[in-house]
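According to TrEMBL, the features are:
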DOMAIN    B:63-93  domain '4Fe-4S ferredoxin-type'
BINDING   B:Cys73, B:Cys76, B:Cys79, B:Cys129  [4Fe-4S] cluster 1 binding site
BINDING   B:Cys83, B:Cys119, B:Cys122, B:Cys125  [4Fe-4S] cluster 2 binding site
DOMAIN    B:110-139  domain '4Fe-4S ferredoxin-type'
Amino acid sequence: MDLTEFLIKTATIFVVFVLTLVIAMYSTWGERKVAGFIQDRMGPNRAGWGGLLQPLADAGKMFFKEDFIPALANKWLFIAGPSLAMLTALLASAVIPFGSTFKINNHEVVLQGVESNIGILYVFGVVALGVYGIMVGGWASNNKFSLLGAIRAASQNISYEVAMGLSLIAILMMSSSLSLGEIVSQQHGGNWNIFYQPLGFIIFITCSFAECNRVPFDLPECETELVGGYHTEYGSMKLGFYLFAEYINMFISSAIISVLYFGGYNYPGMDWVYSQLTQALGGITGHNIATLIGTGVFFGKAIFFIFFYMWVRWTIPRFRYDQLMNLGWKKLIPLAIFNIIITGAAVLFLKPMITAWLN
Amino acid sequence: MQLTNRSKQVSNKEMTFMERAYLPAIATGLAITIKHFFTKKVTIEYPEVKRYLGPVFRGRHILKRDADGKERCTACGLCAVACPAEAISMVAAERETGEENLYREEKYAAVYEVNMLRCIFCGLCEEACPKQAVYLRHDEFIPVFTERDQVIWGKDLLVEDMSNRYTREAWTKEEALALDMKRASGEVTNVVPRAIP
């Protein structure tokens, strides 16, 4: 790896990092705006145009609040909790393919932090680590409510990770690759996985709601039972980090959903646009602009799913704990296994039949 | 006793498959919320947009002048006596020769002060006044005060400005209602609701 390549990679990672943070930041604004609109209110509209400076004001407020650590808390772990949550949330964005390639002087740069052949496995590993942030924070607080909230979060994440992984296996059986870039390029030309895996998609999106601790699965921070859940004792920017990590997770899972099921940066009529642009603007510029359009489409999809998260949040009430566990273990896991069997049968029998019939 | 037709009999019947599947219900819910997302918001954005509060709203005080621009107040003190919050204080003075165009009667209020922190805007001063001098405007609030000296309002703020006189079409709730009815029928159109600064 020579120096230019290293610099380009660094720049890509930095851009991905900043983009993730900015999108997460504006999701907080979006959440309040969507909440307001759904409840027939205006939402924040005082700070800046349409309240666009609200995230900055919130962050400023968070920073200037007293950074309090309870006397009997484990100080080191108390600080490590939100840091871990933030770290694991940010790590996952590294392998997401934001677009196809970018051409700079014969260098072809992939718009992806790390081109990894085990991309989706990496995401799963990092997301599974996310529970440490919550667990460590909840335990270090030395507070029963925090601990209960953390335990709930841990058990919920573990339960739903099983169904999530199983629903993903169906995708992997079709793509026979763990690389996210590969999975996206296989969906080129309208072959979006959602058309082949509707059941898998429903299971996956339900599980990602649970993984992000979003309504209707936000039991870890259930105010009516647990005061504030795992972040009861937190204040100032440490609380801010926990909340922020949730929004980053939301963006990551939205991006993963659009990569896995909605073709990532692919969109209908992509090849036509590409040929028109390369003809009109030449090989390099046309290619780059086509890539940018694809990236825009990708972010559009991701933002739609963030919106969907918020939309669901202001529609559905929270599950009870036993309902949550019943849904996870007794409904989603059998359904996911059923989905695997169906997919296996389709890949083995239906696909050769259809290809034979088409030829 | 049946009060509405909307009451539903509670039943323990088994849920149908569609109900148990939960997803159709979620879709219905999502449809409802997205409908609200796109409805026009009822919010009135207060400091920029102000709503007409009606002709009987009790806002800030005003000391009226008569048609010739003479102050009506004779400093009789009935408003101060009527005031339950003891917000009004005044100093009376005798009119000198040459001041006939300023004050309507021989006695006038040299100082007339309303403590806006004490005032509860009940309107009893208005009712007590025998000279129809003090009124609570229906179209202006007391602005938010930030300094101590903004709290006590003297005659400089209270006395009516002749180039911008204060008028009110309706004086009682009944009159306001009648006016509203007339306005609704299109009989009266001259009433322009003023903005509240």
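The backbone N, Cα and C atoms fix where each Cβ goes, and this holds for glycine too.
Projection of TrEMBL feature records onto the structure.
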residue	record	DSSP class
B:Cys73	[4Fe-4S] cluster 1 binding site	coil
B:Cys79	[4Fe-4S] cluster 1 binding site	helix
B:Cys119	[4Fe-4S] cluster 2 binding site	coil
B:Cys125	[4Fe-4S] cluster 2 binding site	helix
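Beyond the ends of the domain '4Fe-4S ferredoxin-type' (B:63-93), by six or more residues, the same chain brings 100-105, 107-116, 118-120, 122, 124-125, 127-135, 155, 158-160, 162, 166 to within a C-beta distance below 8 angstroms of the stretch. Sequence-distant contacts of B:Cys73 ([4Fe-4S] cluster 1 binding site), defined by Cβ-Cβ distance under 8 angstroms and a gap of at least six in the same chain, are B:Leu63, B:Tyr108, B:Ala109, B:Tyr112, B:Lys131, B:Ala133, B:Val134. Summarising the environment of B:Cys122 ([4Fe-4S] cluster 2 binding site), the number of other Cβ atoms within 10 Å of its Cβ, over all protein chains shown, is 15. The 10 Å shell around the Cβ of B:Cys125 ([4Fe-4S] cluster 2 binding site) contains 24 further Cβ atoms across the protein chains shown. Listed in sequence order, B:Cys119, B:Leu124, B:Cys125 are the same-chain residues at least 6 apart in sequence whose CB falls under 8 Å from the CB of B:Cys83 ([4Fe-4S] cluster 2 binding site). Long-range Cβ contacts of B:Cys79 ([4Fe-4S] cluster 1 binding site) within its own chain (separation 6+, distance under 8 Å): B:Ile88, B:Leu124, B:Cys125, B:Ala128, B:Cys129, B:Val134.
Apart from B:Cys73, B:Cys76, B:Cys79, B:Cys129, the [4Fe-4S] cluster 1 site neighbourhood in this chain, defined by C-beta within 8 angstroms of the site C-beta centre, holds B:Thr74, B:Ala75, B:Gly77, B:Leu78, B:Ala109, B:Cys125, B:Ala128, B:Pro130, B:Lys131, B:Ala133, B:Val134. Across the structure, B:Cys122 ([4Fe-4S] cluster 2 binding site) and B:Cys76 ([4Fe-4S] cluster 1 binding site) place their CA atoms 20 angstrom apart. Averaged over the domain '4Fe-4S ferredoxin-type' (B:110-139), the predicted model has a pLDDT of 90. The number of other Cβ atoms within 10 Å of the Cβ belonging to B:Cys76 ([4Fe-4S] cluster 1 binding site), over all protein chains shown, comes to 18.
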